[in-house]
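Per TrEMBL, domain 'RING-type' is recorded for 11-47. Look at TrEMBL and you will find 117-179 tagged as coiled coil. The region 'Disordered' annotation in TrEMBL covers 186-216, 232-320. As annotated by TrEMBL, compositional bias 'Basic and acidic residues' applies to 197-208. For 232-244, 308-320, the entry in TrEMBL reads compositional bias 'Polar residues'.
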Amino acid sequence: MDTLKCNILTCRTALTDKAVVTTCSHIFCVECANVQFNDSRLCPACETSLTEPDDVVVCSLHPTNDYKTSVLSGLNPTVVLEICSRAMSFWQYQMHQELSFQQTVLRTINDKSAYLQKELDNAVREARGQISLLNNKLAEIERDFDLERRKTTSLQDSLKDREKEYQKLKVLYDKIKRKALLAPGNFGQNEPFPPQVHHDVSDRHRTDPQSMKIPNSVPVDVVVGDMNANGIQRTPIASRTMQPPNRLGRLPPHPQRHNHQSQKQQGYPPGMSEHRSYRSFGSISDRSEEENTLTGDGRRRPGRSGSWASTNNANTGQGG
């Protein structure tokens, strides 16, 4: 270290040109000396009383060659050595003070560094603890996420299976519903009357005994003969047996005895014969009702021509 520094701790300015020195081996910059020294003349560093005129002097740190030649000229070598010894002691003291100051600063810095290192260690420990806790939480969240993902996958598969089952059941339901709608048993539920019922009802109105205006004076044989002449088939009593209706409530058609009976009758649509009609269980044919009405009490006997005629009408004919 080639330069000295001001001994004021708050200044610590490097001295290069001029300085104020004291007999107590302290040195100050001119600015600090003008401020710190007062009428009491106490050293600002060690508070030593400096009452003598030469206790505080201003010196040049870079004297000229002439000053160097004349300042010690004429002095006894012993005095010169004493002056040099005192000057070396002053320099050694300043170096020691500077070293002590630097050691103090270093110790302070070390203490502060140790404190900061301790704080850093605590912060690192806390951070590691937080990191470990967060890692544990992250692992738990990942496990929960994997579990939820597996549950979601399972639910999706179950949903797909349920959807397939639903589609199958829907198709099966549509088939059953279509079969139920097209089944013969539901024919009467969907339509009030089949088309043939209307023709049978109109046929019954045409063959209603009350609508047929036949005079009471006309003989039965004449009427029966007229029926044979017109091609109207009469069913014998022996063949008029009750036949149970089929599933749609229809009676089977009467047997056809003549070829001309299969011809289309007036008032029936094409493809429909007059004997295809809806009848209730236990009913008789329209022709039997006509014959019962014409014959009165319903007592019949076989005629000469093989047909059935009423007994009363036969007696009437004999009486005539």
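Cβ coordinates are placed from backbone N, Cα and C, and glycine is handled just like the others.
Counting residues per DSSP class in helix, strand and coil order gives 7 helix, 9 strand, 21 coil for the domain 'RING-type' (11-47).
Taken together, the residues in the domain 'RING-type' (11-47) have a mean pLDDT of 85 on the 0 to 100 scale.
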